[in-house]
Structure formats: structure tokens, C-alpha cells
Amino acid sequence: MPLSLLLTCLSTTVTLVSPAVLDPCSAYISLNEPWRNTDHQFDESQNQPLCDNHMNGEWYRFTGMAGDAMPTFCIPENHCGTHAPVWLNGSHPLEEDGIVQRQACASFKGNCCLWNATVEVKACPRGYYVYRLARPSVCFHVYCGHFYDICDEDCHGNCLDTTECACSPGTSLGPDGQTCFDENECEHNNGGCSEICVNLKNSHRCACGVGRVLRSDGKTCEDIEGCHNNNGGCSHSCLGSEEGYQCECPRGLVLSEDNHTCQVPVLCKSSAIEVSVPRELVGGLELFLTNTSCRGVSNGTHVNIVFSLKTCGTVVDVVNDKIVASNIVTGLPKETPGSSGDIIIRTSKLLIPVTCEFPRLYTISEGYVPNLRNAPLEIRSRNHGIFPFTLEIFKDHEFEEPYRETLPTLKLRDSLYFGIEPLVHVNGLESLVESCFATPTAKMDEILKYYLIQDGCVSDDSVKQYSSRDHLAKHFQAPVFKFVGKDHKEVFLHCRVLVCGVLDERSRCAQGCHRRVRREVGEDEDSAGLQSQTLTGGPIAIDWED
């Protein structure tokens, strides 16, 4: 069975650390390993695949037998010493462009950009390039190097004379005046493709999304109308009917969101990620995660692997409007037959990348006193998982003991201690309370509302923020108040929380109180379709009479 049929959906963009103060053209790390070169084909029978999981956003230069620069065209899988080689999906910059951002893509199972990350590139005065490379979210990924054609001083190849070079079609002369770099035709009008353009060495090709095929012109796409055409685009079974067709999966696999691809079931929860691999797909292989001490356990029908966002080598990153947790399940032959009697294997290796996505933006509502049930807020992402926060009312400024058993009576001029608490503590993430406002009813769209925090700024001078050891937790103190009117005896709080990567110095969380940025950046976040859900607790009657 092709490994591509086992892939869960992946789209990962890695957050970079802040750039170094020194000019990266003179402060870089050389990558000179011969196996990085695009000509080096990986042989699984002789070696283990390599991975660049040691990288952490430093600047690098390709030298020696690794090559001159990153390739700007799709590299087939099982090259550059690994399963999923990484190439630069975009042209190299000119020296006057300074530092630019480009997309880096990893090729795997026929998909030239199954994973992607953002890297930074700079053209240096001496004719070479340096790259600020992010750590891959999963293994096995390696950044590739490539030897580009050079027009030498003796005027061999396509040289016009001893001082001027002419490059072959599909390439252009680099900043050193000698090297011919591949042109990315996809950067110009998407290469003429109606949907997907894939840049190749000295050329390009068009492709279509799932369930669609190229027309005879090789550029435009059309819907697959039945199982007779490319199996309906289905990864496994295609069933035709008078109304059309539908894809079906074998027992143990589930249909993904594209309604065409079958994948291993993955359950995304904030407390744990659960992967369940059908036993017949495993055979005599032993399954483990990036941290090989985390291994699968068989229940007879499935091999199950359960891990958290903080264990087993799981990588957590912020990608646009999502928190993305990634790991990879690897299957290798057992050294001895297992207890289930496996004495043969049907595949030499199994790779199942796993990704869970959680939304970044949450809206939490609570009365002055939590409901006695104290149910946590669980916000469901559009497709994949939940990441819970609670709005707690604490007994004092230590913010260690929230009210649990009894509802206190709060009086005017008392201090109200409240905070945003994550139910899962994950390193590498932080939160920003974008707004907190009070209403006399549980409705968030109540016309009568009073803001304590707005645009990440404390809007009431009586509100005090306390520091917290956890980047995701936020603690505040405010005087107890009520709304004017004898009928207004209850107060509800509503807080809007955004989650970001700690190392992303350009994130909304890092900017903190900044109303202008809130209008510009926040509107983009809202337009991205962030989902929120309201949990309402309380209310409590305020003892406001002397």
C-alpha cells in the first residue's frame, strides 16, 4: 500500500527566532555535507534518513560538496540524504533586496510541497547566498544544496566571451556574474496554470487540487466526473452511482476533509493526541514517535500511540490563525517476532506524519463567580482539536486558590481577582488578553458593556495586571462594581484571548498594548475565520447596599 495513503493533513509553518545583530554575510554556519546535495540519492537499505532537527533559526551558507545554494525547483523524495528534501519555492534575491522571506517546501510522495516553512534569504556582496533556516516541524526533512552551472573564465559552455556569460533557457545569471540559477516560472502569472504551479529544473508543470484533473491544454483543471477517470481522485475505493460517485476507505482508515484521501484516525485533544493505526497496516513493524521511547501499544485490532503536546518530541508552532502540534509515527521492522506472532513484514518502513490544529483566538465569559460546575471552556477548531482556557475568580492576589466549592458575596469596593488560565501548559506559547468587558447579562452582544481591557491595553486605571510564571496565564485585579440601575444586580465578564509563539517578536502578543496595530492586524485575524465560543457561568448577586 502506498505510504501516501496514510498521510494525515499537514501544513506547517515554523516560527523563526529574531535575527542576529551581525551581518549574516559574515556570521553564518557552513553546511558542507556531501549528502545534502541534490545529486545524492538516499538508499534506505544502507542508511538511516537524516533530519535537520538541530537547526534553530541560525544563518547558514551552503559550501563544499553540499552545493552553492538551495535549489529553487522541486526535488524528488529520497534525495539529499533523507525522505523529504527541502527546496526553496521562490527565486533568490538580488543584493539590493536585502533580507527577503521565501517559502521552503518539503517533497514527499509526489507532493512537491507537502510541508512548508518560512525562511529568510540574503544575497551577499561576494556572490553567494545565506539562509536563515527554521527547524523542521517533523522528521525526516533536510535542507538541500545544489551545484548550479558555472560559466568559467575559459568561456566553455554558453559563454559569449571571456567576460560575459549566457545561461540556458529556464535559468538566469546570478549576482556573481558566473553562476546560472534556475528561474522560477511559477512566480510569473502562476506559470500560466489555473490552479497549482510546480517549479521544476529549467521548467515547470501545472497540477490540480484533489478531485480535479488537468485538461488537454496542460494548464486548466476540471472536475473528475466518475470513477473511470483517475479512480475519481480517490486514494482507495471509488463507488459510482447514478447521482455521481463517492470515495470509500478500507476498514480502519477514515476519509479526510477533502473527501478523497483515506488517512489514519487521529484524535486531537488538548490533553493528548491519539493515533490509532489498523493492525493490518502495521504487520511486523514496531511503531514509535520522534522520541523513540514513545512506542505504540497493540490492542489486537489497532496499534495505539498516545502523547501530549509536551512529550515525545512533539513540536508546537503558531501558524497564521492556528496552534499546530506535529509529530511523526515511524514504523521499523522488529528485531524479534512480536507476541502477536508476526514473523513476516509487508513493508520495510512506515511513515505517518501527524498534525493537530487548534485555534489561536478564544472568547471566555464568566460571572463574577464561576459556576459551581466550573466546566472548562473548550473551543473547537474548525477541523482538528480543542485547546481549553478557563476564566477563574481567585480568593486573593496570590492567584493560587480559585473559588471552587462556594460562591462568595462580593461587595462594592472589594477587590476582584480574576485570571485567564490554560488547562494545558505548553512551552513556547504565550497569550494576550485582547479585551475584557463586563455586561449586566450573560449576552456578549449586550448594548450596555464596560471595558476593563481593550486592544490589549488596560482601559480602566483601576485595573492592575500581575505577572505570571506561565506565559499563557494572565492575572488581573479590579475593584468590584455594578451597573447603574436597581435592576442591574449581576455582572458578567467576557475576555478575548489570543495565543502566539513566544519567539515571534512580530506577533500580536509581542506588540502588547497597541491600538493602531490592533486595527490593522486584528482585522486580518478576524477575516481569517477565527472561531470562538462563549462559556457563561454565574451569575451572583452583588451586595451593593451599605
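Quick reminder: no glycine exception, Cβ is built from N, Cα and C everywhere.
Disulfide connectivity taken from Swiss-Prot links Cys206 to one of Cys193, Cys221, namely Cys193.
For Cys208, the cysteine that Swiss-Prot lists as its disulphide partner among Cys221, Cys227 is Cys221. When you check Swiss-Prot, the disulphide partner of Cys186 from the set Cys167, Cys197 turns out to be Cys197. According to Swiss-Prot, of the candidate residues Asn89, Asn259, the site noted as N-linked glycosylation site is Asn89.
Long-range contacts of the domain 'EGF-like' (182-222) within the same chain, counting only residues at least 6 positions beyond its ends with a Cβ under 8 Å from a Cβ of the stretch, are 71-74, 89-91, 112-113, 148, 168-172, 229-230, 232-233, 258-261. Within 10 Å of its Cβ, the residue among the glycosylation sites Asn89, Asn116, Asn299 with the fewest other Cβ atoms is Asn299. Within the domain 'EGF-like' (182-222), the DSSP-based counts of helix, strand and coil residues read 7 helix, 16 strand, 18 coil. The 10 Å shell around the Cβ of Cys193 (disulfide bond) contains 21 further Cβ atoms across the protein chains shown. Spacing of Cys186 (disulfide bond) relative to Cys193 (disulfide bond) is 8 Å (Cα to Cα, whole number). Asn116 (N-linked glycosylation site) sits 9 Å from Asn89 (N-linked glycosylation site), counting Cα to Cα.
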